[in-house]
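**Student:** One structure, as structure tokens, below. Some questions next.
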Amino acid sequence: MSSPVSVSKSILNRWQLLGYGALGWPLAMLGIPLYLYLPAYYQQNTELSLAIIGMALLAARLTDVLTDPLIGHWSDALTAKVPRAWQVLSGFGLLILGVYQLFFPMGFYAQSLEAVSGWQLVFWSFVTYLGWTWVQVPYLTLASERTDDTFSQSRLSASREGLAIVGVLSVLLLPLLLQQSFTELAFFQNLFWVFVGLLGLAGFSLILSTPRLFVAKDRQAQPNPVAVLRTILQQQPILLKLLPIYLLNNLANALPATLFVFFVADYLQLDADKGLFLLVYFLSGVLALPLWLQISKRWGKAFSWQLSMGLAGFSFIGVFWLDPSDFSGFMLICILTGLSLGIDLAMPASMQADLAQQQPQWAGFLFGLWGMVTKFALALAAGLALPLYDWGKSLELSTDWVLLGLYAGLPIVLKLWAMGLLQRFKSL
């Protein structure tokens, strides 16, 4: 039998929370550029159509989906020799290489990207996602091994996701401070250096703030991933019960995220204000996070997650009453949906950490499965939403209802569905 992970029982101090959560900042700085800006960046600067870009991203993400449980399995097997924190740092090089080639496929100082092919976008997207997975899976797993106190788990997740939102705010403010458009090569050049610098600092703080005492010792070789999954299904199926809920909620979040730029520009005709909308949305998430933590402490993690999904779904109903140029109406929706953002990210991760502690020898594999579900949702959103929207435009049809349905209608249904499934976890 594999020896169990020794989990710290101490209440974590602010430095330990900050040292762990800091890595969420630079990693989140990639989220908006990769999932929101990159399609528009490639559409404007290359000869690739939106449909080709969407399908290329879908291919890369689908290929990348299976890497999460494999890296999670590798992380579990390696933990006896290499602590999780050092596993995280070992993925930095591949992540930086992928980001560089994805942002600058023709070279850092190239003046034109017109010669970029769809295959290049597929390959370097995959490399970037692989590097991200190599960092993210052991990073998330580390939280489940850091403490066995359930509220401290929530605080760790909140620290990571709160600083991740700060990272998003940083990347939103960067073009404003530099007076550059997010579709310009110069913006991605500056973003790259900021990202690399913060990544190095965050890695240093992670190592300094993470003791080695809770790292598993003397682990035997783990069985192959298929055997692990079979054992979980036979002995501990409860560990996988969150997966359908996680998929539905992530898909509900990924659809509007994928279409945000096009919804604001084409439907609302407020393209100049998209940065402000995103800024207010994420700022609302940061400000509301302490309140949500207290709600989860008082009424439980499942209830607080349900409440956040209900708030987001209810707020999205207002999208159907928006007229073009309705700045105030959409700003209100951004505030209301933003209020649920932080806890919608932190609570699932905290609940996952609680479940992973039941079988710590599989913790990395379990977080890999959850990461796979997240990527599948993002891939599905990009692969369906962008081609459907582009198809409507190519037929010269009114795309308003296509946008409304994909941006708001379907996410509302998915949120309600996830809320219903989450009812079985009321005890958490």
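Just so you know, glycine gets a Cβ as well, placed from its N, Cα and C.
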**Student:** For the feature transmembrane segment as recorded in TrEMBL, pick the matching range from 213-235, 328-350.
**Tutor:** 328-350
**Student:** Cβ under 8 Å to the transmembrane segment (190-209), counting only same-chain residues 6 or more beyond its ends: which ones?
**Tutor:** 15-16, 18-20, 22-23, 25-27, 29-30, 33, 85-86, 88-89, 92, 95-96, 99-100, 103-104, 139, 167, 170-171, 174, 178, 180
**Student:** Hey, which bits of the same chain come close to the transmembrane segment (328-350), Cβ under 8 Å, at least six residues off its ends?
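**Tutor:** Residues packing against the transmembrane segment (328-350) from afar: 140, 143, 150, 153-154, 156-158, 160-162, 164-165, 242, 245-246, 249, 253, 264, 268, 270, 277-278, 280-286, 288-289, 292-293, 295-296, 301, 304-305, 307-309, 311-312, 314-316, 318-319, 321-322.
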**Student:** Where else in the chain does the transmembrane segment (17-36) make close Cβ contacts, counting only residues six or more beyond its ends and a cut-off under 8 Å?
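**Tutor:** 88, 99, 102-103, 128, 132, 135-136, 139, 142-143, 146, 155-156, 159-168, 170-172, 182, 188, 191, 194-195, 198-199, 201-203, 205-206, 208-210, 254, 257-258, 260-261, 278, 378, 382.
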**Student:** Tell me if the transmembrane segment (276-295) touches the transmembrane segment (302-322). I count contact as 3 or more CB pairs below 8 A, with pairs 6 or more residues apart.
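**Tutor:** Yes; at least 3 Cβ pairs under 8 Å.
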**Student:** Between the stretches 243-264, 276-295, 401-422, which one has more Cβ pairs under 8 Å with the transmembrane segment (362-389) than any other?
**Tutor:** 243-264
